[in-house]
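Note sheet for the following structure.
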Amino acid sequence: MTMTSLLDGLDAHAQRLASSTLVNLIANDPARAQEFALRCGPLYANFARQRYDRTALDALFDLAKRADLAGAMQQLLGGETVNGTEGRAALHSALRGGVATSAFALAARAQALSAQLRMRELIDALAASDVTDIVSVGIGGSDLGPRLIVDALARPGARFRVHFISNVDGNAARRVLAGLDPAKTAGVVISKTFGTQETLLNGGIVREWLGNNDRLYAVSTNAQRVADFGIPPERTLPMWDWVGGRYSLWSAVGFPIALALGMDRFEQLLEGAAAMDTHALHAPLHGNITVWHALTAVWNRNGLHAATQAVLPYDDRLKLLPNYLQQLVMESLGKSVRVDGSDIAADTVPVWWGGAGTDTQHSFFQALHQGTQIVPADFIGVVKADHPHAANHAALLANLLAQTEALANGQDSDDPHRRYPGNRPSTLLLLDALTPQSLGMLIALYEHSVYLQSVLWGINAFDQFGVELGKQVASRLLPALRGESQAHDAVTRALLAVIHG
Ligand SMILES: O=P(O)(O)OC[C@H]1O[C@](O)(CO)[C@@H](O)[C@@H]1O
């Protein structure tokens, strides 16, 4: 049987379960509350409120075996060329630990360790200077990860305050720089290619604003372009082709993280991710959180045909997680051809979106409870608070548990307006506490789940050709925008006429 027909087979299970509700599924099999749950160190995952039963799960695990997810994980972590369209490995795991023993992976690990040593030296030197603020310039994978981690884990009173500029909109740079003193600020320009329009423009603004290149640093694979930009090798940290941009926060792309948290806590983040790598590689299929998470995603997409997936962190410090995951998941899995170039018969990635609870309960949760679309959700909670407001934390956790329960169980009413249909699936991910380790582990779980989903769909998770066309059209349009040429497209010509007034 082909993978496509196996994916089609999920439909039959979904049909079989069409009249079962989550209430029935759990009432008929109460042990699933415990048995559909797994733990990996500080990370607990409960899948009991997903709309599969044990028979459907067997079909999913059969899919996992036939797709050889275990072998695929070995290939990824062993540094094999899992990015076939670009002929590259995706060795983000080598940045954070040593699970693999191939010569290539060991060489990558050695490069990663030497870059970490240089990061530590540069941070120590900056800490001995007058610099109080850091401006990080980058976009996409060179921004979202560092921005998320700094927002989640930076502590008040840290040695450096770290700020981010990503958008090419000049307001982004203007707002950030407005509150800073160029004499006490260092800039870090992060770009794997050092060819990204937004980053080069914003980097140029920061370079000019600083008025002194001595406090400008770079992270890139392209040392020549960095040098041409005016940043010397002694202030340039390396990147490598074997790390994808959206998988790169563990590399020197994480320099802003290390500046904000300190190098020791940055290394704890890496340790957490490395522990998830070990789990992903060695845990048996049925006890493997990354496998459960990936199979659940495929079930919701190809069995239940859910068009979107929500991610709902119940911790204000994780409010940027949905933005980060949008790139990780949708840039990786937003594909409609298979590795061999053939069309995929099944649907791939749904739209990922979300926001932090409880705020979002007061914005879009109405649609989650009573809208016509079923939106599977990942709820993420943190058990132990590290603030003194115990009543707030109790309310936060009560809301988290209440929402997953209400979405699943619903509530009947004679009044259709006041009826809650329920049967809305969710996964609950709980961290014992929010620490560098637990956050590293959570992010690595998503990375590996994304990869395993790509294997199940037969697509390449590590290229992103879809973003290129827009960039090419934008650069072709620049002369037309300046009035130096005519746009080719009739609608664009009409719009330019409006802009030119
Ligand atoms: O690090 P770079 O080369 O500036 O690229 C930034 C981002 O642009 C993309 O290529 C496309 O959005 C991402 O994959 C990448 O993370």
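Placement of Cβ uses the backbone N, Cα and C atoms for every residue, glycine included.
The structure displayed is predicted, hence computed values, not measured ones.
What TrEMBL lists as active site, proton donor is Glu331. There are 22 other Cβ atoms within 10 Å of the Cβ belonging to Glu331 (active site, proton donor).
Counting only residues at least six positions away in the same chain, no Cβ atom sits under 8 Å from the Cβ of His362 (active site). Feature annotation from TrEMBL assigns active site to His362 (among others).
DSSP classifies Lys471 (active site) as helix under the three-state reduction. Summarising the annotation, TrEMBL assigns active site to Lys471 (among others).
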Helix, strand or coil by DSSP: which one applies to His362 (active site)?
helix
Measuring CB to CB from Lys471 (active site), give everything in the same chain under 8 Å that is also at least six residues away in sequence.
Gln197
